[in-house]
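S.K.: Below you'll find the structure I mean.
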Ligand code: IPE
Ligand code: IPE
Ligand code: MG
């Protein structure tokens, strides 16, 4: 049987070396609990969460991470009270307005993963501006999963493939994992090597279900507003202690034999 094409060379490179994993994805969770523990409104947790995001982007650049994906608003987060949804939209707008120039100066390339459906025109244009301004930057790629749901993403990719088959552009036999991946919001971005979730929850909550097929997972009790460079480095150290086999045999044993 032909070898399965995943993992890509970047995943293998980050498995072998002691450097940073090429792609780190983070489920930034625990803002509400951080605020509740201090008797503060949830909004304050979200505001401090944006500061943690800034710190994490800086740390990712310093550590040589190539891709950082952050889960900032899920397709299910619309179920929250209207005021909280509006606060989260407001923080995203503020983040782009305040930080875009700085990200651009630091060669960060911004990609948005998610559907634009249901978003205000103002947010849609800010998201497009962030992507188009930074499109040619060669530094860290920051993938912001916003209004993101992995099942919706996969369903949309399946629909795109169905349309291509119906239009006679491709044959049904050309529907491979690569063809589907090329129609995900994350097309062109290598699969995450490491997925971190803060706040102690141990679930994916509809995040990167396809892309994380062979990711390593680190769940930390740290609440997102407290996340810092040390917490990131500790997750990366745990990643390096893992033995990624991708269904094969241990590379480590092979290397030492
Ligand atoms: C993460 O923190 C931020 C978003 C999901 C937008 P939460 O708001 O989920 O915080 P907890 O889980 O209630 O503590
Ligand atoms: C996942 O966190 C979404 C983001 C971090 C943006 P949630 O707090 O929404 O997840 P659940 O509801 O606890 O699964
Ligand atoms: Mg939560």
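The backbone N, Cα and C atoms fix where each Cβ goes, and this holds for glycine too.
Okay, these came from TrEMBL:
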{"type": "ACT_SITE", "residues": "29", "note": "active site"}
{"type": "ACT_SITE", "residues": "77", "note": "active site, proton acceptor"}
{"type": "BINDING", "residues": "29, 216", "note": "Mg(2+) binding site"}
{"type": "BINDING", "residues": "30-34, 42, 46, 74-76, 78, 80, 197, 203-205", "note": "substrate binding site"}
S.K.: Can you check which residues sit near the residue listed as 'active site, proton acceptor', meaning Cβ under 8 Å from its Cβ, same chain, 6 or more apart in sequence, and list them in order?
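M.R.: Counting only residues 6 or more apart in sequence, the Cβ neighbours of the residue listed as 'active site, proton acceptor' under 8 Å are 85, 88.
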S.K.: Roughly how many angstrom lie between the C-alpha atoms of residue 46 (substrate binding site) and residue 29 (active site)?
M.R.: 10
S.K.: Out of 29, 216, which of the recorded positions has the smallest number of neighbouring Cβ atoms within 10 Å?
M.R.: 216
S.K.: Return one of helix, strand or coil for residue 32 (substrate binding site), based on DSSP.
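M.R.: Helix, per DSSP.
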S.K.: Counting every protein chain present, what is the number of Cβ atoms, excluding its own, within 10 Å of the Cβ of residue 78 (substrate binding site)?
M.R.: 11
S.K.: I need the CA-to-CA distance for residue 30 (substrate binding site) versus residue 216 (Mg(2+) binding site), whole Å please.
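M.R.: Rounded to a whole number, the Cα-Cα distance is 21 Å.
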S.K.: Please go through the recorded positions 29, 77, 204, 216 one by one and keep those whose C-beta falls under 6 A from any atom of ligand 3; give the result in sequence order.
M.R.: 29
S.K.: Which of the three DSSP states, helix, strand or coil, fits residue 78 (substrate binding site)?
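M.R.: It is helical.
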S.K.: What number of additional C-beta atoms lies within 10 angstroms of the C-beta atom of residue 204 (substrate binding site)?
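M.R.: The Cβ of residue 204 (substrate binding site) has 15 Cβ neighbours within 10 Å.
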S.K.: Would you pick out, from the binding-site residues 30, 32, the residue whose Cβ has the largest number of other Cβ atoms within 10 Å?
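M.R.: Selected residue: 30.
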